[in-house]
Structures are given as structure tokens and as C-alpha cells.
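K.L.:
Relevant sequence annotations retrieved from Swiss-Prot are reproduced here:
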ACT_SITE  THR12  active site
BINDING   ALA168, CYS171, THR174  Na(+) binding site
Amino acid sequence: MAEDRFPGWHGTTILAVRRGGEVVVAGDGQVSLGQTVIKGTARKVRRLSPGGHEVVAGFAGSTADAFTLLERLEKKLEAASGQLARACVELAKDWRMDKYLRNLEAMLIVTDGETLLVITGAGDVLEPEHDVTAIGSGGNFALAAARGLMATDLPAEEVARKAMAIAADICVYTNGNLTVERISK
């Protein structure tokens, strides 16, 4: 993703876990340039409230591109009266049709506490099969760990924190400085 345009930039692991009537979204704080950590406390998980409809979003890829997408998502949510899936599909349509948006290099995980979706860099909207999804440089590590931890009785936040710790131990572009947001319907 962002690595295509800026070969040396790396960073971000975002994980979402749905369990027990809530969704927890966790993101690490590391941004790296090559072998150098530029920032260890970046905040890549945000709470949005367009029109009073609460949504939590985590992003990976280009930060400027992600903020552009988050702004557009907020507008789509207002227009869709808070219907997250509809707003995301409309955003994806724009992403695919608009010349400017097609060049954006970011991915999003979004949830309203019930619906959990990934919006890919290609403009696809995906719903995870196993109540767990992840994006970013350490996403596969976090996803594998979280799927294994879902076999336990741990609450969603603990699954997310433990899985992110495992990802941070494996992925050099992921740290243990987490931002965690919880949302339920």
C-alpha cells in the first residue's frame, strides 16, 4: 500500500475483534522509515460520530489518504442515516470511479458495534467470516493470533491486546503502544 509510493515507509497494524455484543478495534503506534522508527505513538484508530451515529475506524497505509477516506466516510454515513454497510458501499463506488480517489493508498477497518467491514485499497468492501479482521504490516500475525485466541473465553479487548502483543513481537514495523476503542450496539 503506502510502501508502493514511498518504498521506505512502513508501519501500522490494525485489528478488530467482535465478541459478546461489542467490537474492539486496536492499532499500534509505530511509523517507520526504512530501519528507523519515526514515531512510536501515532494514533491510527479513531472514533467518528457523523450525525450522532457512532463508528470506530482504524486505518493503514498513507495517513493523508486515510484521512481523506475517513472524511468521505463521515459524509456518506450522514447521507445514509448511519447505515454503515450502505455508506461503505457508496464510498467504495466513489473510490473506484473517481480518478483522484483511485490513487489513494489506504485501507480501513470500520465498525458500528454490530457491522464490521474492511475497505480495501482496491475499493472493495469485505465482511470478515470469523468475527476478526486485521490490516497493515503486522495484520496477518495479529489475525492469526486473534483467531487462535477466539477459541478461548477471553473477552474481545483481551483477545485484541494479546494478539497485538504477539504481532508486535514478530513484526518489526509494529510496536506495543496501542490505541484501543470499544463500541457496542
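Each Cβ is built from the backbone N, Cα and C atoms, and glycine gets one as well.
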K.L.:
C-alpha of ALA168 (Na(+) binding site) to C-alpha of THR12 (active site): distance in Å?
P.N.:
10
K.L.:
By a simple count of other Cβ atoms within 10 Å, which of THR12, THR174, the recorded positions in the record, is least packed?
P.N.:
THR174
K.L.:
For CYS171 (Na(+) binding site), which residues in the same chain are close in space, meaning a Cβ under 8 Å from its Cβ, but six or more apart along the sequence?
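P.N.:
In sequence order, THR13, SER137, GLY138, PHE141 meet the Cβ cut-off.
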K.L.:
Round to the nearest Å and give the CA-to-CA distance linking THR12 (active site) with THR174 (Na(+) binding site).
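P.N.:
Cα-Cα, rounded: 6 Å.
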K.L.:
For the recorded Na(+) site, whose residues are ALA168, CYS171, THR174, find every other residue on that chain with a C-beta no more than 8 angstroms from the centre of their C-beta atoms, and list them by sequence position.
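P.N.:
Neighbours found: THR13, ASP28, GLN30, SER137, GLY138, PHE141, ALA142, MET164, ALA167, ASP169, ILE170, VAL172, TYR173, ASN175, GLY176.
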K.L.:
According to DSSP, folded down to helix, strand and coil, what is the residue listed as 'active site'?
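P.N.:
DSSP call for the residue listed as 'active site': coil, neither helix nor strand.
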K.L.:
For CYS171 (Na(+) binding site), what is the secondary structure state per DSSP, taken as helix, strand or coil?
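P.N.:
For CYS171 (Na(+) binding site) - judged by DSSP and reduced to three states - the answer is coil.
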